[in-house]
Amino acid sequence: MKSSQHETTEWSDSVTLTVSDNEPRPVLTVSPSWLSPGASVTLNCEVEHPSAGWSFYWYKAVPDLSEKSSSYELLPDGSGTAQDSYIIHGQTHTAGYVCRAGRGDPEYHTDHSQPKFVWSADVHSAASHTVSPDRVQHFTSDSVSLTCEGNFTEWRVRKFSEDGRLYSDCRRMTGSTCDINTSKSDTAVYWCESGSGEFSSAVNITVQNDGNGPILVSPVHPVTEGASVSLSCSLRTQQILSNVFFYHNDKLIQNDARGELKISAVSKSDEGFYKCQYSGRESAQSWMSHFATLLIKVVHVTAVQCCA
């Protein structure tokens, strides 16, 4: 306003200020979610309505069976980083992670993110498990048992379903064994967590919804390099089939009267997605991985002392 002439300016553009009672909750993503042992894992933490000035905190989720939850352990150099990403080098085992953000002085902190997991099929963890029957694919109403193994007294079986839900308890847990009467909703990633904070490797379990279609019978765990393996095709009413087509990464690799695909010595090139076809009906595809054993060559050196 000009005081001498009592003239006013036009109105400014309006600004909307929104105050929310809900604390912002960051969203964590991990890449890759399925891990080759020893690879790097990248964590990304995103705050809703992102703006400048946030610092980020990075944690490993440690199983707490007594509380049916997890505690959070700060990762090395994971306190108040300026970057919204964090790289973990040399990850080998299945693990869970969370993040949170903070800003201001004194610093205000968001809630922790929901935990996200990176899954590994590595077999060297102190915790392990077996699946019976030993195959990835199952029919609906099959009885499947997942048994946790290792020198621990307490266990829980975790399940991450196709719809992105994380389940912390097995519906039918007896001792260290989770018994599942399969339905389509049981298609998920499964692993064991011990009372001492150890994670087992993770496995895929797929439930076939087509009661008349075939399933691929393939091992649930990685096959040791150089070992032999047989893949087959099965119907609910008939366990042994012949004249089966087998595909590797969608490429037809066997089409004859045999009912099994036999690989005499598994190598890296045998990894990939497999499926079978019988009477014009295809199974779902499942990933078969191999486990490379590390061979260490020991060289013996003989020292000879010589006198001048």
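Using N, Cα and C of the backbone, Cβ positions are placed for all residues, glycine too.
Feature annotations, reproduced from TrEMBL:
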- 24-101: domain 'Ig-like' (DOMAIN)
- 214-289: domain 'Ig-like' (DOMAIN)
Within the domain 'Ig-like' (214-289) only, compute the mean pLDDT.
92
The domain 'Ig-like' (214-289), counted residue by residue under DSSP: helix, strand, coil:
3 helix, 36 strand, 37 coil
